[in-house]
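My questions all concern the structure below.
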C-alpha cells in the first residue's frame, strides 16, 4: 500500500476486514532480551498496531525458542532441569516485552504439546511426500559426556594462523573459516576431552528435490524486499545449477527437544520445530478463544501471514520454512520482512563499554520505554539496512521532538481552555485550515506505517508539529489571555491547538501507545483509530485536567545505563568464577589467553576499540586480479595473481572457492592487505590477503563476497 492509495481520511477505513497473522522471530531461551532484540519486536508491534487501528482482525504471535544443546548445557551448569530454566527465562522475556509495550496476543513456548504434535505432523507429511532422506554422517563426539558436539562446542588451534582456543567453524583472530576436522589439538568445551570421530544416521529434508526448487523459484517472486529477493536468487542459482543442499533436521541424544517419530534417540533439530512454534503458539490461542485454527493455516487460506525477522536468519525463513509448509499441506507466508542489525554509537554492542544494553537495565534505570520505541521508529524503514542508536542523538531527539515539539502543544493550551472555557472546545475551530491539513495528512502517515516506512511517518508528523507550534507562537495565547476582549480568539487558538494535538497523538499512537492512552483519557474519548481523524473534539465533551505526559531525558540516566551494563559484565564474570569451570578448560583458557595475546593485540578484540594509529598500520591497496586458478588438492582455495601497482605481481591464496569460479574474478578490482607478512603454505607462498565479507553465522546465511571498489579506482591506490 502506498500513500497514493490513501488520499482521504475516509480511505483509512478498511474496505474489507482482513485476517492477518504476524510473528516476530522467537528469542532463544538461554539469555536476556537486549536492545538489539527490541528493534525487531518494536518494529513488528508498530506494524501490528497500525493494522489493528484499521479495524482488521490481527493476531500477533510469539514464543520462546527453547530447544537445543545450549539450553541443555546451561541448565546443567546452573543445576536446573531444562524445563526449569526455560520457565524462568520465559517469565523474564514476558516481563521485558510487557515493559516495552510489545502487544503479543499470545507469547508461548516451543516446548509445548501443540508444537510437538504440529512438528511431528509436518515431518510425517514431508516423509509421505518423499522429502525425508536418511544418511550416515561422521561427527565430532565427546567421549566423556557421550554426546555429539555442534561446531561451536569444539575449540582448538586455528589451522591458518595457529591462534589457540578458536571455535570449530571459524577463527576470531584471523577470520578464517574451516571444518571442525581441520582444527589442530581440538577439545570439547563441555568436558575438555579430545573429540573422536563417530558415525551416526541423520535425517535430511530434501531441499534439493526439483519440486522444492521449482516452488521456491516461484515463491521468491512475491517477496517485498529487493535485497531478500536477490539473496534468495543467489542461493537458488540459475536454473539447472542445483545449488540447494539437503538440510540436516536431526540431532542425536542427549538433546533437549522433540524425539523424531519412529527414530528412537533422534531429535528434531531446533531449527525445524522453532518456526513451527509460530503455529503452535497460534493454536494455543485459537483453542482458548474459539478461533478456527485450520482456516488460517491450511493451503489456500485467504488469511495473510507475515514474519518479521533479522536478516541473519533469512535463509531459514525464505528457504526451509516455506518449503516445509508447501509440501506438508499448509499455506505459505504472504511475506517475510527482514531488518538490519543495531549498533550503538556506531559500533557493535559491547559489554566492556556498557553498550550491550539489556531491556531490564533500561527499565531499571528509569528510562521511558516509549523514548526507545520512538527513536527506533525514527530510524526504521522497509529495507534491511542496519540502524545505529547514537546515545547523544537519542537524548537530543527525544527532548526536541517529543517534549519540545509534541507534548509542549497540549501544555501550552490546556490550562487556558479549562480555566476560561470550562474545558470545552470551540466547535467552529474544528474547521480551521491547520486542523484540516493535519486531518488530511493522517491517511498518508498511516500508509507509511503500513509500508514499514516508519521514519517517513514520523518525519511527516514532526513537520506538522512544527507548523502547529508556529501557529501557537504566532497567535500568542498567553498574550490574548491578558485581555478579556480577546476571549473568542483565545478560545479558537486553544481549540485549534488541542485538536491538532489530538491528531498528532493519533499519528503517533502505533509508536507510543501508552502516551496515546493518556491522551485519550485527557480528552475523554474512546481508543483512537485511523477513522477517528474525521471525528474532531466537541464542546459536548469537556477535556480533563492536563497531566504531564513526558519528561526529558536526563544525561545522568544515560550515564547510569552504561554503568549498569558495565556492572552486569563484572557480575557475569564474578558469577562465572563462582560457578567454576573444568580443570581442563581452565588450563586451556589460561594457555590460549597467553598464546593469543599477540594476535589479539594486532587484530583487536571485539569489544576493544583501536586507535587511528593502529588502523594506519594496515596498508590496504586496490588490487586487480590478473589471473585466478583453483588450487589442486584444496576444496576451499583459489590462487590469485594480483597487480597492486608494483613492479611484480603478488601471489595470494584465498578461501573463496565456494563462492566464485576462477573465470568470474579475472579482471576484477578488489581490496587487499598489502603489508601482511608473507605466509608459507603447502601450496606456495601467500603474499597478502584479499578482503571478503560473510555473515557472522555462515550456516544460517552462507555466502562470501569479495570487496569491489567503485569504477575509477586503480591498482595500487591506498584505501584510507
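Cβ from N, Cα, C; glycine included.
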Suppose you had to name the range Swiss-Prot annotates as motif ''KMSKS' region'; which of 343-347, 348-352, 353-357 would you pick?
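Of the candidate stretches, Swiss-Prot labels 348-352 as motif ''KMSKS' region'.
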Of the residue ranges 16-26, 27-37, 38-48, which one carries the motif ''HIGH' region' annotation in Swiss-Prot?
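Result: 27-37 is the stretch Swiss-Prot calls motif ''HIGH' region'.
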What is the interatomic distance between the Cα atoms of residue 171 (Zn(2+) binding site) and residue 351 (ATP binding site), given in whole Å?
21
Between residue 158 (Zn(2+) binding site) and residue 351 (ATP binding site), what C-alpha distance do you get in Å?
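Residue 158 (Zn(2+) binding site) to residue 351 (ATP binding site), Cα-Cα distance: 26 Å.
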Per DSSP, how many helix, strand and coil residues does the domain 'tRNA-binding' (614-720) have?
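Grouping H, G, I as helix and E, B as strand yields 7 helix, 43 strand, 57 coil.
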Using a 10 Å radius around each Cβ and all protein chains in view, which of these binding-site residues has the most neighbours: 158, 161, 171, 174?
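Neighbour-count leader: 158.
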Quick check for the class: what is the C-alpha distance, in angstrom and rounded, between residue 351 (ATP binding site) and residue 161 (Zn(2+) binding site)?
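Rounded to the nearest whole number, the Cα-Cα distance is 27 Å.
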On the 0 to 100 pLDDT scale, where does the motif ''KMSKS' region' (348-352) sit on average?
85
State the count of C-beta atoms found within 10 angstroms of the C-beta of residue 351 (ATP binding site), not counting that atom itself.
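Step by step: centre on the Cβ of residue 351 (ATP binding site), count other Cβ atoms within 10 Å, giving 17.
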